[in-house]
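Worksheet for the structure shown next.
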Amino acid sequence: MATILPPPGTAMFRHFTPQSLAKIERLKEETKKAAEVGPREEEEPPTPNPDLEAGKGLPRIYGEPPAELLSTPLEDLDPFYKAQKTFVVITKGNTIYRFNAEPACYILSPFSRVRRGAIKILIHSLIMITILSNCVFMTMSNPPAWSKTVEYVFTGIYTFEATVKVLSRGFCVGPFTFLRDPWNWLDFMVISMAYITEFVDLGNVSALRTFRVLRALKTITVIPGLKTIVAALIQSVKKMVDVMILTVFALSVFALVGLQLFMGNLRHKCIRWPVAANQSAFEPFNSTVGNDTTGLNDTLFSNITFDFTEYIENAENQYFLPGSADALLCGNSSDAGRCPEGYECMKAGRNPNYGYTSFDSFGWAFLALFRLMTQDCWENLFQQTLRAAGKTYMLFFVVVIFLGSFYLINLILAVVAMAYEEQNQASQQEAREKEEEFQWLLEQLKNQEQAQVLGSRASPTSEKSVSLTTSDAPDEDQSLENDEALKDCNGRFIPRLIVRAPTMKESAADYESGEKVEGSTHSRLHVEDAGLKQRSASAVTVLTAAAVEELEEAQRPCPPIWYKFANMFLKWNCCQPWAVFKEWVHFVVMDPFVDLAITICIVLNTLFMAMEHYPMTQEFDYMLSVGNLVFTGIFAAEMFFKLIAMDPYYYFQVGWNIFDSIIVTLSLVELGLANVQGLSVLRSFRLLRVFKLAKSWPTLNMLIKIIGSSVGALGNLTLVLAIIVFIFAVVGMQLFGKSYKDCVCKISTECELPRWHMNDFFHSFLIVFRILCGEWIENMWACMEVAGAGMCLVVFMMVMVIGNLVVLNLFLALLLSSFSGDNLSIGEDDGEMNNLQIAIGRITRGGNWLKTLVIRTVLQLLGREQGKPAEEDPAEEGEQKPERIEMNHLDQLKTADGIANCLVGRQPSGTAADGESVINVPIALGESDSEHQSEGDDYQEDDVDSESTCEENEHGSNSMEDGFGVLQHVKLMGALTDGESSVCSTADYRPPEPETLEEEEEEPEPLEPEACFTDNCVKHWPCLNVDVTQGQGKKWWNLRKTCFTIVEHDWFETFIIFMILLSSGALAFEDIYIERRRTVKIILEFADKVFTFIFVLEMVLKWVAYGFKTYFTNAWCWLDFFIVDISLISLSANLMGLSDLGPIKSLRTLRALRPLRALSRFEGMRVVVNALIGAIPSIFNVLLVCLIFWLIFSIMGVNLFAGKFYHCINTTTQELFPISVVNNKSDCMAVQEATQEARWVNVKVNYDNVGKGYLSLLQIATFKGWTAIMYAAVDSREVEEQPSYEINLYMYIYFVIFIIFGAFFTLNLFIGVIIDNFNQQKRKLGDKDIFMTEEQKKYYEAMKKLGSKKPQKPIPRPTNLIQGMVFDFISQQFFDIFIMVLICLNMVTMMVETDDQSPEKEDFLFKVNVAFIVVFTGECMLKLIALRQYFFTNGWNIFDFVVVILSIAGTMLSDLIEKYFVSPTLFRVIRLARIGRILRLIKGARGIRTLLFALMMSLPALFNIGLLLFLIMFIFSIFGMSNFAYVKKEAGIDDMFNFETFGSSIICLFQITTSGGWDQILLPILNKEPPDCDPTLENPGTDVKGNCGNPMVGMMFFCSYIIISFLVVVNMYIAIILENFNVAQEESGDALCEEDFEMFNETWEKFDTGGTQFIEYSQLSDFCDTLQEPLRVAKPNRLRLIEMDLPLVIGDRIHCVDVLLAVTQEVLGDTIEMVAMRESIEAKFNLNNPTSVSYAPITTTVRQKEEEMAAVVIQRAYRNHLHKRGIHHAAYIQRSKTGRKADSEDAPEKEGLLAEKMGALYGREAEGRERAPDPETPPRCSGARCGPEPPEPNVIVVPVEITNEFLLHSAPPTHTSYPRRQT
């Protein structure tokens, strides 16, 4: 449990006095002494209480500190600091500040008045106001003269603040002093810079002035809560290091490839050629000289003065498309862009976009690749490169977009999401612990005060009874109830006690039928700090009733006076008649039918608002305004009557009612101010009524909840984002503002500031916001052009990386986390929703009753018995069973016992006892809260008996169920419905049941044909029942069996797949050139007939084989049937000559669906499609919700901009007339009549009605074409008036708001919903992957089990001396590292290449490259010599070998290869793959390896999705070819990018897959009449006339493609990457990963050179020391190795598995993980070594150590024994020498080693020296010379040697005379 706070109550606050300081000193001494005495048994070191950290709010449990204690030093509340010199100060807002109790600056003690005064000032809010006002001044682009004075004032205030901080805290010595807080470094720096810039002249002042901007960061230090978010951001940036490195590496490799492929290509332009003297500069197509190759030389040599370079560099001689700033690019390869007649393709001039877009050097190539990765304006680069290099290079972009853009960018998202998730879980865990403590505290209080204070349960009628729910209540729903935190009047969070709703007459909760007080778990997720942490409990001492009351006071949101006021004025209970009237009103207003009526009114009102358009007739306008009045009246009446029925006190306790009241009030205000100019904005508030639908629409409700909760939780993050945006906007303005003004002519032809500039704060803010949207490159070019490349790159990249990649991904991570788990359980406060369903239920019940009555009457009239229908009823009921709408599963938990549940279930009105509504049946399709059980499912299996009976009652003919018949699910696509579920279904899945998604694949194949027709058919037409055992029936049966055999044969299926592919391929040839290729056309027509015949035959065969029943119950067969029908109809029409009919033509375009038949045949695609179909209900739901959400913005757009986008243009120059010439439409018409050169036109994408508004919003949300819409809006004035430049500037804000809410939230919601849905499907399948086929799953598992390797037998060292030396050389790690360094150097030499390098540099680089090739060839040769045939057993070696051969071939044959293939330099790029090997050598690269591992694991699923995406692109491109092949070439459609041929279509669609440039391709298709296009234009080579588009088809085509590809399929890609990243993270998040085991094996191989799997025990210490972390056991390691208790085999050898397990155990400890690891390692080992040497351990290291110890003990004992004997003998010798020996005394030691040694020592020969050695003395010999007798096993014999030292120790020195010994 989390740390328990000290006892609550105000008694805790004590002044900090000298006595307190003395007490701290005393405690400090005591702890010091205790530490010196020695550590006690191990216990966790104490940690500071997180609730009492400096900067946090004081936990509510302490109550309100008395006023006299605020802002004064108090003793520290946190027990952790009791022995440290600190004190705390609590501010008025109850924020805790902690100070150091040492004298500040060695002068001011904590009790000095100066310091106390400083503390009081320090915590004042003045500083915040100063910072904000300073920020306002910084936003001024032209500050007034007096601003300098203000600047001094600010500097003064900041200096004063810093001084106060230093006085109150101390400067830097000791904790909690000024410089110990990193945030104060910021202050220190800002102040220092202010003084430095003031007194020292430092040149570039504007750059230094930008330092002042950092003051805005000071807001972070002042606002509580911001610091934590910033910490989280820094945390996620740390986590991103690996991704960043990988990204930079990948981009570098791609940039090198780009450099080699496209260097210099983007400078190829169309130059007017040949030069003709009489040719004017402005006649691009009028070339007078024949365009032949000799022209070049003729002109050059005939005109000596002609300057070729100047001519081609001159822009007048280059070909420009109208309206384009850059010359048209071209290329010289066959599929590159062509030049118009009279022009030649040459390399001239600078690169496009001011020269910044190119692949001419590594830096620019890297920038281009970064742009591709972030997908900003990448379609332009794509088109430019393809135009210059050729269409085949599309492949390069495909790889970069899929690997670079989709993978790396989403990896960043995955990392940020993971960092957020980890923090989130930590805070949730903490919250849970606090919750438990709080419950425990309440339990204690309750037990103490039970008798007097609290009743056990609230009585039903009491008005304010409170029930304290204890933690051990049986209710599973407990957590829901306890987790909500309420906000009090001051906006602080406090925990909530469960208020039981009073009964029917008095309850607010029940008035809104079930607006319960239980909180959603959702709030738990994000109320991180305050509410949850304040639930901390205390070690309850004896607490009085006062404490309980105080605690309850703390729980109540507002001061008591408010409650008195509310009870007096907001509860209207006066006289009896009023009460009766009120009850009557309540009865009517609360009736479900009224709710239904109100909902219908909301829908109608929304429709009325959406019907507004331009131009509108007066009658229509009048009708709309009357409608508005009526609806306003209805809603006002509803509010008024509800107020009467419920009393304001209860009415305003329900969120929806507050919402209603606000909208009604605004609507009434708007009616009053209808004619006031400029207040039309109020009309927009009516739109919020749409949100009332959320009451009855769970998904919308959920979306609003998610946005609400995210915005709540994002409060701080949003602030941080706002600060970042502000800082960068000011930085941009200060750094570049002046440059924009001074150098404006470089970027604008009129020398006026463009729309995007940084000259003032608002525009600077817009640029920063645009970068956050992901559009940075265009503004950066302009910035680089006016202010230089360096600073612009730095600033823009910082905004991009910090703002876009980190902060916005944190937003997204937060959104995704809102989906996790069941925190969005629909059905907590959906009482209103239930009313709606009750109403619908009543209606349907009425309808059913009427229907039954009619049927019964008819049957009676027909004379049938009445019994029959009644008998059939249950069957029908049964058939409905699988699709019944279930009770919301949450409600099954609400009542504790099953019986109550049954009763509730049966109540016809649907209202449960206690006023809690139970029927929670979601409305929208696919919304059920729990999944639908199939008929075979026994739902009740695991439930309690009582509950199961209840369930059965529900399953039976329950009247409720009849009532909800209307709402039943529509089965989706027959067999594929298994995946239906709500967007965020909260169903808790049981372990996988028999029914799974892949049901149809799993079923065993029938061996015989099934019945042809259903039983019902046979019943109605008896003739269909044929006897198959005889006659014709038998022949028919045999025919069916034959057909069945054919159809089931593998070859048949293969043949059909082949035909499908051929017929699909045939469609690709039907392009605009088909009429010119007669042969191809004839072949295709013939093939079409053949295909149709084959497919019809296949269909008939399947009908006969499977029967109609089986065929038509399979969704895939229906698809086949539909597509074959289309082919048949179009073929018949062709034969009858009707092919030119409109309907037949459109039917022919449907042939594009043919490839869909491939779906069911390719398992990979089918798997993905099944998963998608499962997600369709959710995706549709979110789509609908998005549409509703966008509807508001669309209607608002129509209100603001309808008819205002029209403008008058000059038809020759295509430019706008200024207002001075043309002010409005009539002026324009006058000019048109006079000159024919004016035209009153509208912007193609506009807001003239809601439909067009939606298209505009889609363009804004995808950030494509949005700038044009924005410009039109910002320039708009009034209807039929000519627009003026930025006259309506603040309309930008509409777009900013829509982008944040409409684009950001709703589009990212798609990702959330898709990921959530796939996770649900996975859970259904028992956590199997839903995007992979069985084969691919095997690959995936193999990837995961990469590490099941045993130590390999190392490559044997060659016996040859020279080979052996080479072998030793190349085996060293040094050699590997050396080669890696060379590869990196090689990469660097490739990087320094540029397009315009000098011949010397080129020559030098060529030589360097040759040198590298020589070195790498040498490496290869050395390895070949040393490794011999083993060289080819390693994949890397083969790779190196191939690269070397390619490099040599490339250098030798470079000219030949370049002529026919790609540039040979590309082979060198391949070598970069070897850098991958570095990753193995760098220990720190584990994170990067994880990321690559995640990619490897994602590959199979990504391949399937890629296939599906290609299929979709194929179908759409065929469709595009048949519809848009002839549209006018303008905007995004030109000679290369169009729908004329299949290749061009695919290129266009690939570009749109990322939503790139789709607005430009759509524009020409929106042309439908002259003068925009020409419907009578002849298209050469075909009979199709005109070049107009079809706007409706075009919009449908693009919107559907964008939704399918960009929003769904691409997001599936994201879902998979996130999923696999988590898996890879788990794998690598383990303490050990495969790499560690690999490292273990490699080290083992060095010690066990023979590959025996054993090493000597003596080697173990060195081996364990040689291992790398985390497995390493560093020396000295003897004891630890002995503790490991390793088994030893004969010869003191140890087996590798035992060592591996032991070192693994050291890392993991005794955990479950370790047990699993042990099993898996042993299993892998046994699997890999079936014939392994059986090793029987004879002892273990511990046993061996014990034996050694025992031997030592014996040795010591024997030594002591000898010692004593030695002393005896020495004394005897001494006595003998001095002659004091008794005659009868014998020598103690007559013989043996002791006697002999001592005799020698004392200079006298011992007697009997030659005697046999004593049996006590073991023979002295060293191991090898000892005889053959080995010691017995398990017995260690240690020879005891008697050394001279020992004897010397026991004998006295000769020169000392001893005194006489006393006897």
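Yeah, the Cβs are placed from backbone N, Cα and C, and that goes for glycine too.
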Selected residue, Swiss-Prot feature N-linked glycosylation site, from candidates Asn716, Asn1224: Asn1224
Partner cysteine of Cys330 (disulphide bond, per Swiss-Prot) from Cys172, Cys270: Cys270
Same membrane side per Swiss-Prot: Leu226 vs Gly1709: yes
Region 'Disordered' per Swiss-Prot - which of 28-58, 865-895: 28-58
From the candidates Asn332, Asn1641, the one which Swiss-Prot records as N-linked glycosylation site: Asn332
Same-chain residue ranges lying at least 6 outside the topological domain 'Cytoplasmic' (1423-1434) that approach it to Cβ under 8 Å: 1355, 1358, 1363, 1366-1367, 1369-1370, 1440-1441
Coarse DSSP state, helix versus strand versus coil, of Cys783 (disulfide bond): helix
For Cys792 (disulfide bond), the number of other Cβ atoms found within 10 Å of its own Cβ: 22
Distance from Asn332 (N-linked glycosylation site) back to Cys1208 (disulfide bond), taken between C-alpha atoms, in Å: 42
Residue among recorded positions Cys345, Cys751, Cys792, Asn1224, Cys1228 with Cα closest to the Cα of Cys330 (disulfide bond): Cys345
Other C-beta atoms that fall within 10 angstroms of the C-beta of Cys745 (disulfide bond): 11
Disulfide-bonded residues near Cys339 (disulfide bond) (Cα-Cα within 10 Å), from Cys783, Cys792, Cys1228, Cys1588: none
Shortest C-alpha distance to Cys1588 (disulfide bond) - which of the disulfide-bonded residues Cys751, Cys792, Cys1228: Cys1228
10 Å Cα neighbourhood of Cys345 (disulfide bond): matching recorded positions from Cys270, Asn332, Asn1210, Asn1224: Cys270, Asn332
From recorded positions Cys783, Cys792, Asn1210, the one whose Cα lies nearest Cys745 (disulfide bond): Cys783
Structural state census, the topological domain 'Cytoplasmic' (224-242) (DSSP three-state): 16 helix, 0 strand, 3 coil
For Cys1588 (disulfide bond), the number of other Cβ atoms found within 10 Å of its own Cβ: 22
Residues of the topological domain 'Cytoplasmic' (1483-1501) by DSSP state, where helix covers H, G and I: 19 helix, 0 strand, 0 coil
Three-state composition of the topological domain 'Cytoplasmic' (1423-1434), taking helix and strand from DSSP: 11 helix, 0 strand, 1 coil
Asn332 (N-linked glycosylation site) CB neighbourhood, other CB atoms within 10 A: 15
Residues satisfying Cβ distance under 8 Å from Cys783 (disulfide bond), sequence separation of at least 6: Phe736, Met758, Cys792, Val795, Phe796
